[in-house]
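Novice: As annotated in Swiss-Prot:
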BINDING   CYS69, CYS75, CYS78, CYS110  [2Fe-2S] cluster binding site
DOMAIN    32-126  domain '2Fe-2S ferredoxin-type'
DOMAIN    129-269  domain 'FAD-binding FR-type'
TRANSMEM  3-23  transmembrane segment
Amino acid sequence: MEIILGVVMFTLIVLALTVMILFAKSKLVNTGDITVEINEDEDKSFTAPAGDKLLNMLSSHGIFVSSACGGGGSCGQCRVTIKEGGGDILPTELSHISKREAKEGCRLACQVNVKQNLKIELPEEIFGVKKWTCEVISNDNKATFIKELKLKIPDGDVVPFRAGGFIQIEAEPHTVKYADFDVPTEYRGDWDKFNLFRFESVVTEPTVRAYSMANYPEEHGIILLNVRIATPPPSVPDAPPGIMSSYIWSLKPGDKVVISGPFGEFFAKDTDAEMVFIGGGAGMAPMRSHIFDQLKRLHSKRKISFWYGARSRREMFYEEDFDQLQAENDNFRWHVALSDPQPEDNWTGYTGFIHNVLLENYLKDHPAPEDCEFYMCGPPMMNAAVIKMLKDLGVEDENIMLDDFGG
């Protein structure tokens, strides 16, 4: 009898707690529809069920806010201004948003759980962002760990981007086996040496990542990307490989890919100042876009130089393109520094790290480096070294433009 009584009492307690939780939820959580008012514009506003993240709500209503990390809260790009209804800012947002910005209502859309009516402000350019289903034209190795992905935009459509901008690529759940990658013989040495073909990438949920475009606006009908495969570092060999880079490397001509855009803020200033471009690795992409745009579309007469760092001759690409630009434009010069030239390279050019080469062979004798505009994109260590070097030369922040894809 005591056992039965105990079971009955326990059941009643569980039922009572369940009722209390459901009652509290009904009072505290809005499970009905809410209204998101945007820029005080009725045509841009919408009604939706409560409970989803603001980033997802906006996307489902055709408003695509940049989020390079796919909504994970790590990139800090999906900034919106909330005027009313957003609740308190979360600790996960404070590493990307200053106290002053927080007071002004700045939030990360991927971290805002919409429970009540919202009033928000978005930049007008966001409403020009669209989605396209593109077709893979080609996906070829340009270096040992870098592929050039060329996508065809649907006929009649235009992606209205500016040089230095980026798009986002979407990937559905998938499994990629590195053993299936088509890596040309000339690049297979390091792949075999580090046993990279053993890896697999298993992705169980939709993923979004951002990539800078390598083409410039007058290369119509295509999107051109330089994508470095993100293999696990040697110190952590069992870490999972990069989700999106693995997916992109698996793409073949004819495959369909969903992109959204354009996005960006890594744009050239409209001045007459000298432009110095500094790149490394897959950071080539926005460098190519900018330099082609300046010389081919704008026919700029500004003094322009490009300093690119690579490991060996095998890792250099677009060499003929930049040689031709240099031959056709007296105001443009480009330079490569190899950090580890191989005997077969027969290299007679600059050697070492690109920031040292730039300093020793140009900037240390420059009459006014602080008056130049510096545009850079490369691995985080390169970016940090270049920025320190520029600061030591007295270059102000306003003249240092960084596409921080690896930060």
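Start at 1 and count along the chain as shown; that gives each residue its number.
Keep in mind that glycine also has a Cβ here, set from the backbone N, Cα and C atoms.
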Novice: Would you count the other C-beta atoms found within 10 angstroms of the C-beta of CYS75 ([2Fe-2S] cluster binding site) for me?
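Specialist: CYS75 ([2Fe-2S] cluster binding site): 19 neighbouring Cβ atoms within 10 Å.
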Novice: Name the residue among the binding-site residues CYS69, CYS78 whose Cβ has the smallest number of other Cβ atoms within 10 Å.
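Specialist: Each of the binding-site residues CYS69, CYS78 was scored; lowest Cβ tally within 10 Å is CYS69.
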Novice: Using the centroid of the Cβ atoms of CYS69, CYS75, CYS78, CYS110 as reference, list every other same-chain residue with Cβ within 8 Å of it (recorded [2Fe-2S] cluster site), in sequence order.
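Specialist: Residues close to the [2Fe-2S] cluster site, other than CYS69, CYS75, CYS78, CYS110: LEU55, SER66, SER67, ALA68, GLY70, GLY71, GLY72, GLY73, SER74, GLY76, GLN77, LEU108, ALA109.
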Novice: Helix, strand or coil by DSSP: which one applies to CYS110 ([2Fe-2S] cluster binding site)?
Specialist: helix
Novice: Write out how many residues of the domain 'FAD-binding FR-type' (129-269) are helix, how many strand and how many coil, based on DSSP.
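Specialist: Helix, strand and coil residues of the domain 'FAD-binding FR-type' (129-269) number 23 helix, 57 strand, 61 coil.
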